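Everything on this sheet refers to the single structure shown next.
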């Protein structure tokens with residue numbers, strides 16, 4: 001055998017992709033940008049070119065064309081959709097007007113959201129006595145019904161089929177009687193509700209209409225001859241009622257599907273687009289020797305396949321192969337334009353519509369923002385528990401001996417916690433309101449920030465003066481403290497007020513942001529100051545390093561030293577003319593110490609990339625050097641930060657959030673690994689676990705860089721929405737999996753020899769054809785395609801089955817990623833008929849088009865809400 005160069009072959013043989021001319025190159029780039037089959041093109045390029053060049057080219061193309069451009073389309077369409085919605089609101093008023101109904105309703109909001117509550121919901125028109133209504137409204141009755149539905153789902157999920165030559169009905173005949181029992185119980189529940197509420201009272205609720213539909217459908221399902229048929233849909237849809245068990249999940253579902261006008265219109269638009277495109281494609285390509293477009297149903301499935309981007313290139317290539325060479329480019333343009341429209345515009349519209357459904361009305365949004373700010377202010381008012389623990393101990397301020405007379409002290413600092421022992425606080429009366437208000441104005445006009453929050457009354461009588469009033473009694477001590485602070489402020493004590501331009505209670509212009517925030521901030525600072533005055537060990541790192549020691553100040557100097565990236569003159573405020581402003585800002589992003597640790601962590605991670613099962617760090621000195629350097633530098637970093645700010649019981653302690661705990665954990669893992677350095681790493685051993693935990697080291701970069709830490713924080717804040725979406729997807733998968741087990745369990749097995757259809761004939765061996773190339777090369781004269789001898793086996797398809805609930809959910813989870821669903825569709829059509837292809841198409845549309853889109857929308861809504869709250 002020898003390699004031969006094939007020359008003069010047409011595109012119909014070697015394929016339509018490549019880089020030989022511009023048109024073919026453009027076609028190939030678009031195909032790769034759709035992320036369908038691009039890896040095979042990359043591997044062909046690796047075989048022909050240097051590997052690094054092909055990998056760099058295709059990786060860059062995927063990043064910019066597949067990821068960046070697609071998300072830009074989504075952002076642009078979402079923004080355009082929002083602008084159109086705002087314009088229509090301005091023209092026609094605010095959306096969501098409350099419709100007139102016989103019941104009185106009010107809008108009530110709580111932590112879970114806003115909802116309409118019916119005031120006369122206790123009214124009833126049924127014939128049942130009052131105690132039946134008490135039972136109907138009781139939580140125990142609802143819990144019992146939810147328990148019955150949950151038990152029904154669990155029992156159905158235990159159904160499983162085996163291929164042991166027993167008849168199929170043997171595996172589910174016992175479940176029939178159980179299903180009859182559940183159906184009777186839930187039918188009695190519906191009759192009980194109608195008896196209590198009356199027909200009109202029952203019918204006016206949407207959830208009751210859905211329950212009645214399930215009752216009718218499941219009753220037909222348990223009739224002889226209808227069990228394990230298409231009516232199984234009604235039985236598996238009972239699980240949807242479990243959403244009522246979680247008010248949070250119920251509100252989330254209502255936000256998405258409740259205002260169904262826009263989402264329903266988009267679904268209808270998508271279906272109309274599929275019908276129109278399928279009709280056109282059938283008329284264009286039905287004359288080809290090709291089964292994809294022979295009938296409308298096959299054309300519809302082919303166009304839906306292109307919509308999901310699963311093997312859409314195969315549909316296009318197979319159609320181009322069966323057309324003339326002059327028409328092949330036009331066929332490619334037709335499919336590319338359709339793919340471009342449905343993937344970048346139609347699918348982006350789903351994101352825009354769901355985001356709009358999750359968006360709150362402007363008035364409700366303002367109320368929720370105001371409530372969030374109040375909650376945030378209340379949270380900030382309290383000190384962390386690690387600092388409040390000092391309040392449990394008695395006060396023991398340090399006393400010092402002075403060798404100077406009081407007149408020698410130019411800057412007396414009055415300890416307020418001491419002065420408070422001689423005054424007590426009283427409630428404001430009506431006579432003092434104007435005086436206190438005037439005092440507050442005087443205090444803020446003089447820009448004195450350090451003051452008492454409530455009026456004071458002195459215990460001992462003041463010396464007699466010409467005019468003695470209540471205002472003088474309440475402010476005497478305050479004036480003593482303010483006079484001391486004024487002297488310190490005039491002589492340049494920067495600790496009294498924040499520096500203009502920094503983050504504090506003052507804006508850069510020197511005005512107060514809000515009185516409430518200032519009051520809370522001052523109260524919090526006052527509590528810290530009191531603890532600092534009365535507890536000698538407060539704000540002392542490790543209870544050993546003195547608070548004002550030179551050693552601690554030296555450590556703080558090293559820890560907080562950073563590049564001065566101020567691009568404005570601190571005196572004039574004018575912008576300085578410097579080059580490479582972005583570089584200056586980048587250098588000032590973190591401190592010098594953090595830059596050193598970012599560099600060392602990066603180098604250590606790079607050294608870990610060179611480790612293999614045969615090239616361990618324990619056996620190589622160069623890799624050990626990086627390990628030792630990382631542990632030594634991190635030890636120095638932790639020591640400096642702990643000595644400067646403390647470990648836990650200090651205001652700026654190192655261990656105060658999850659990021660610091662992660663840093664300590666990474667350090668301990670690295671230290672234990674360095675001390676142990678196991679020579680052997682057996683499977684499922686402690687040494688292997690330690691090697692796995694070392695892989696968390698790159699997370700240090702996320703904790704050191706503020707912008708990366710913020711991204712992770714925003715992702716974690718959206719965990720509640722992600723959990724809700726995941727719950728909905730799991731519920732959807734369970735419904736379709738349960739239906740699949742009951743209808744398709746035990747029916748998909750077949751012989752691997754396509755010529756054998758019966759199980760008893762599936763014995764012996766047969767020749768199976770083997771394809772060694774994707775080119776359409778016909779065999780030569782007196783030649784056949786290569787084949788091998790394989791045994792006949794009766795088994796399920798290689799990658800999926802519906803014999804039990806676990807395998808069914810695994811199959812649907814794979815389908816949820818748009819991968820492998822064509823195999824499921826083709827097997828269902830071949831084994832049971834074309835009508836059963838509807839099952840997988842409905843699941844793809846609900847699970848992938850709507851379900852997976854919610855992951856983006858939930859996180860985007862969370863981030864938008866955070867931005868609105870910050871504004």
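Placement of Cβ uses the backbone N, Cα and C atoms for every residue, glycine included.
According to TrEMBL, the protein carries these features:
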- 12-34: transmembrane segment (TRANSMEM)
- 16-87: domain 'Ion transport' (DOMAIN)
- 54-77: transmembrane segment (TRANSMEM)
- 139-359: domain 'Ion transport' (DOMAIN)
- 143-161: transmembrane segment (TRANSMEM)
- 181-200: transmembrane segment (TRANSMEM)
- 212-234: transmembrane segment (TRANSMEM)
- 266-288: transmembrane segment (TRANSMEM)
- 332-355: transmembrane segment (TRANSMEM)
- 586-610: transmembrane segment (TRANSMEM)
- 592-855: domain 'Ion transport' (DOMAIN)
- 630-648: transmembrane segment (TRANSMEM)
- 660-679: transmembrane segment (TRANSMEM)
- 722-741: transmembrane segment (TRANSMEM)
- 836-855: transmembrane segment (TRANSMEM)
Which of 12-34, 54-77, 586-610, 660-679 contacts the transmembrane segment (332-355) most, counting Cβ pairs under 8 Å:
54-77
Cβ pairs under 8 Å with the transmembrane segment (722-741): which stretch of 12-34, 54-77, 143-161, 212-234 has the most?
143-161
List, by number or range, the same-chain residues at least 6 past the transmembrane segment (660-679) whose CB is under 8 A from its CB atoms?
618, 624, 627-628, 630-631, 634-635, 638, 654, 687, 690-691, 693-694, 696-697, 699-700, 703
Mind pulling out the one from 54-77, 586-610, 630-648 with the most Cβ pairs under 8 angstroms to the transmembrane segment (12-34)?
54-77
Grouping DSSP H, G, I as helix and E, B as strand, the residues of the domain 'Ion transport' (16-87) number 60 helix, 0 strand, 12 coil
Could you give the mean pLDDT over the domain 'Ion transport' (592-855), rounded to a whole number?
87
In the same chain, which residue numbers or ranges, 6 or more beyond the ends of the transmembrane segment (630-648), come under 8 angstroms Cβ to Cβ?
386, 539-542, 545, 551-552, 555-556, 558-560, 593, 596-597, 600-601, 603-604, 654-656, 663-664, 667, 670-671, 674, 697
